[in-house]
Amino acid sequence: MAPPPRSSSMAPPVLIHSAPGLPDTCALLQSPAAAASMSGPAAESPAAIQICRIMRPDDANVAGNVHGGTILKMIEEAGAIISTRHCNSQNGERCVAALARVERTDFLSPMCIGEVAHVSAEITYTSKHSVEVQVNVMSENILTGIKKLTNKATLWYVPLSLKNVDKVLEVPPFVYSRQEQEEEGRKRYEAQKLERMETKWKNGDIVQPVPNPEPNTVSYSQSSLIHLVGPSDCTLHGFVHGGVTMKLMDEVAGIVAARHCKTNIVTASVDAINFHDKIRKGCVITISGRMTFTSNKSMEIEVLVDADPVVDDSQKRYRAASAFFTYVSLSQEGKSLPVPQLVPETEDEKKRFEEGKGRYLQMKAKRQGSQGQEPQP
């Protein structure tokens with residue numbers, strides 16, 4: 001059986017442990033050099049790690065495949081482990097890496113119940129206060145040995161002090177395999193930093209319910225989920241895991257898509273998820289989703305996460321995260337179906353529709369360009 005593909009900088013991972021501290025079907029692996037040098041807080045940080053877990057029936061979506069939110073949660077867990085280890089690889093103030101942003105993530109192939117997910121993570125760039133992590137997800141059919149790439153994602157983390165989680169610490173330097181790698185990473189860092197700022201400026205918007213909406217309108221399918229943040233949602237330091245938030249966002253986006261199509265739906269991709277502020281234990285979060293754009297065979301859904309610190313009168317409700325999810329409609333046989341066209345009614349809805357259309361055409365042109373095709377109008 002051939003091992004999953006990885007970059008030349010990733011050494012073959014070795015098993016550290018299985019059950020302790022991880023789900024009962026999970027195993028954690030890291031590079032041999034890192035495993036050999038684990039001798040204390042100043043030990044060399046690993047170049048790459050891999051988490052493995054078998055997919056169980058409670059991981060399934062309505063269509064019977066693994067829920068997209070489950071995969072996003074595993075991606076975040078792998079990124080959090082490797083970035084936290086790197087940020088604590090030198091003697092100094094101890095910290096935990098918090099998720100700040102997830103770049104666009106495409107769901108390249110469905111993962112089935114009973115298959116093993118191999119989630120591999122490696123650090124690709126560090127700035128003064130952030131870490132870029134590249135994550136690949138492979139599915140393995142343990143009966144046939146067939147493996148396939150299901151997801152690729154890029155995540156950004158920031159190190160927060162354990163003494164004061166509002167304090168961002170400096171990231172230890174990272175050794176690059178080639179000089180161009182650092183320059184390419186710096187360009188990606190500047191681009192995502194600018195986009196994060198632009199997204200935050202737009203975050204005054206809220207989703208309001210509309211009585212007796214017409215089918216195929218934005219109001220007809222928009223949905224909200226209210227969740228009280230408990231200890232099981234949080235890190236040991238009292239704020240929500242980024243993966244928990246992403247899973248809830250994917251669930252709401254899926255409800256919006258299903259209400260619009262009234263068919264089976266699956267996550268096709270996730271545009272950049274921006275985490276604007278931490279969500280603490282005890283907050284009540286409202287995850288709201290609304291459809292912004294439809295093409296012939298896909299739907300774009302905007303998801304907003306607002307946090308209400310009900311046990312703290314000194315802090316007002318705030319926007320914690322935002323993202324765009326893309327879904328496709330499937331028949332009972334798993335074939336792609338046409339999507340009912342969205343009917344925007346208000347000026348704001350028409351504006352969001354045109355913005356969504358622009359993102360769709362931009363991504364379509366980029367995908368065709370990567371395949372060596374001429375962009376289609």
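Cβ coordinates come from backbone N, Cα and C, glycine included.
On a predicted model such as this, the values are computed, not experimentally measured, just so you know.
Record features (TrEMBL):
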type	residues	note
ACT_SITE	Asn61	active site
ACT_SITE	Asp250	active site
COMPBIAS	348-358	compositional bias 'Basic and acidic residues'
COMPBIAS	368-377	compositional bias 'Polar residues'
DOMAIN	45-163	domain 'HotDog ACOT-type'
DOMAIN	219-333	domain 'HotDog ACOT-type'
REGION	344-377	region 'Disordered'
Practice item. Provide, as an integer number of angstrom, the distance between the C-alpha atoms of Asp250 (active site) and Asn61 (active site). Key: 11
Check your understanding: Same-chain residues six or more away whose CB lies under 8 A from the CB of Asn61 (active site)?
Key -> His67, Gly68, Gly254, Val266
Study note, to complete from the structure: Residue counts for the compositional bias 'Basic and acidic residues' (348-358) under DSSP, helix then strand then coil, are 11 helix, 0 strand, 0 coil
Exercise for review: Pull the DSSP breakdown for the domain 'HotDog ACOT-type' (219-333) and write it out as helix, strand, coil residue counts.
Suggested key: 26 helix, 54 strand, 35 coil
**Study point:** Asp250 (active site) CB neighbourhood, other CB atoms within 10 A
**Key:** 28
Review point. With DSSP, how much of the domain 'HotDog ACOT-type' (45-163) is helix, how much strand and how much coil, in residues?
Key: 23 helix, 58 strand, 38 coil
Practice item. Could you pull the average pLDDT for the domain 'HotDog ACOT-type' (45-163)? Key: 92
